[in-house]
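**Student:** In case it helps, TrEMBL gives these features for our protein:
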ACT_SITE  E253  active site
COMPBIAS  456-468  compositional bias 'Basic and acidic residues'
DOMAIN    18-479  domain 'Aldehyde dehydrogenase'
REGION    447-468  region 'Disordered'
Amino acid sequence: MTATHIGSEAGLYIAGSWRRGGGPAIPVINPATEDVIATVPSATPEEVEEALAAAQRAQREWGRAPGGVRGALVRAIGDVIRANATELAELQTAEVGKPLAISHAEIAMAAQLADYTAGWDRRIEGEILPSDNADEVIHLNRVPIGVVAAVTAWNAPVALLVRKIAPALVAGNAVVVKPSELAPLSSIALVRMIAEAVDLPPGLLNLVTGGPETGLALVTSPRTGLVTLTGHRDTGKKVMAAAAANLTRVSLELGGKAPAIVWADADLDSAVPAVAMARHFNGGQVCTSAERVFVHESVFEEFVARYTALVGHLRVGDPLTEVELGPLAGAAQRDKSIGAIERAKAEGARVVLGGGRPDGDAFERGFWVAPTVLVDVEPGMHIMREEVFGPVTPIAKVDTLERAFELANETRYGLSAYLYTADHRIAMRAERDLDFGELYVNRSIGEQAQGHHSGHRESGLGGEDGKHGVLRYTQLRSVYHNYA
Ligand code: NAD
């Protein structure tokens, strides 16, 4: 494993050079073994400010660079990711415990995000408007925002980072990134790989490590033009409140509580594995994971039996081997899942599979949770309201479509929803009535670079990917040209 040489020496990349941070060191723990695999320094508020100042200086030039030049850099980032896919995937698996195959899939997705976004290099366009005055024209220009602070979560470290730096850079901004303190190694490695392979103007891309305080220092600095956060809903609220001091723009990609509705006419041969994947991909630690399943009463028993049989056979174990489930990313994540199961049981839910740590000596160390299926769940229960972020599936019975939609919408979150039906009319009604930023019809988890990943309600503010995601890193400037 290549983890240790990275991280322990230098965690900060500021103005084109690496250094140790002056703040307290943070251990990085392999969740499969509980071993400390690296120690990463954290940045002091002064170092954060230095990084932002370096970004501000670099942005002046970069904002004037032709689109093709910006696109070439982002395209090169995609190439760097592909060239180093093995190392990045292994690091991700070491720091968050996701099965290696999933790490590889996410690294490939990160490269695709860079490729797609690079294609916007010549497409960020302005408008020309007629004026009410004679001999006058109005130019509406899309200009960069300036310095972007990119604060990321641990659940897909590389892809979440690229999802932010690619559009920020292509739109002419400079960036300071702060990866999650739980999983900084792959982000540090990626920035190092980019810096080594690409002709990067000093200060254009900076990295600071640390926890919430480091993130907060980025959010509250007047040098920051836009904060783009991927994280928990409560963090989003804190970031938005802190950003208000300077009216700094925010783009918040937060949690979810996705419903999956399996209707009476659904093809269970495809719906069962699709829901199982949507719940268990990355151990259920995805913002778009299916967190609540609603099944029509006529197929409820059959669905539960088939789902439980499938999920019960998922291979759980060492994420470096061929398994579907590794450990959860940390002790807190494990405790959250176990706590949610216990609370659901206390509220009257019945466990039909799993319910705690998997059996066996191999699971004594590490942050393991067995695939767990719960029935007899009611809408008001905690497990039907709050994000669990683990391999725990509560399955509820519904009788009418109206009730299914009503229950699905009964959440403060609004990121994604899943629907399984053979009836086009039901799918069209869902498209109209389900209040979520993303709806997956008859398919499993996984958005695409050209789509738009955005949460309604408390799942976020803004959105990433696609045209709208790129344009979020720009602002408009109107210029009145009077040539009388
Ligand atoms: P988190 O909110 O604990 O941390 C996210 C990042 O914010 C970390 O880098 C952390 O250091 C930083 N942070 C924490 N408090 C801060 C503060 N007060 N000010 C500034 N920065 C602060 O989230 P997490 O546990 O790392 O990630 C899991 C969450 O992320 C889940 O809720 C998940 O649904 C969500 N998520 C959302 C998306 C999306 O695109 N919508 C994608 C992945 C994960």
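Cβ atoms here come from the backbone N, Cα and C positions, even for glycine.
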**Student:** Which numbers of helix, strand and coil residues does DSSP report for the region 'Disordered' (447-468)?
**Tutor:** 6 helix, 4 strand, 12 coil
**Student:** Which residues of the chain, 6 or more past the ends of the compositional bias 'Basic and acidic residues' (456-468), have a CB below 8 A from one of its CBs?
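**Tutor:** Distal contacts: 113, 120, 163-164, 167, 228, 233, 236, 240, 250-256, 287, 411-415, 435-437, 447-450.
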**Student:** Averaged over the whole of the domain 'Aldehyde dehydrogenase' (18-479), what is the pLDDT?
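**Tutor:** Averaged over the domain 'Aldehyde dehydrogenase' (18-479), per-residue pLDDT gives 98.
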**Student:** Within 10 Å of the Cβ of E253 (active site), how many other Cβ atoms can you find? Include all protein chains, please.
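**Tutor:** 28, counting other Cβ atoms within 10 Å of E253 (active site).
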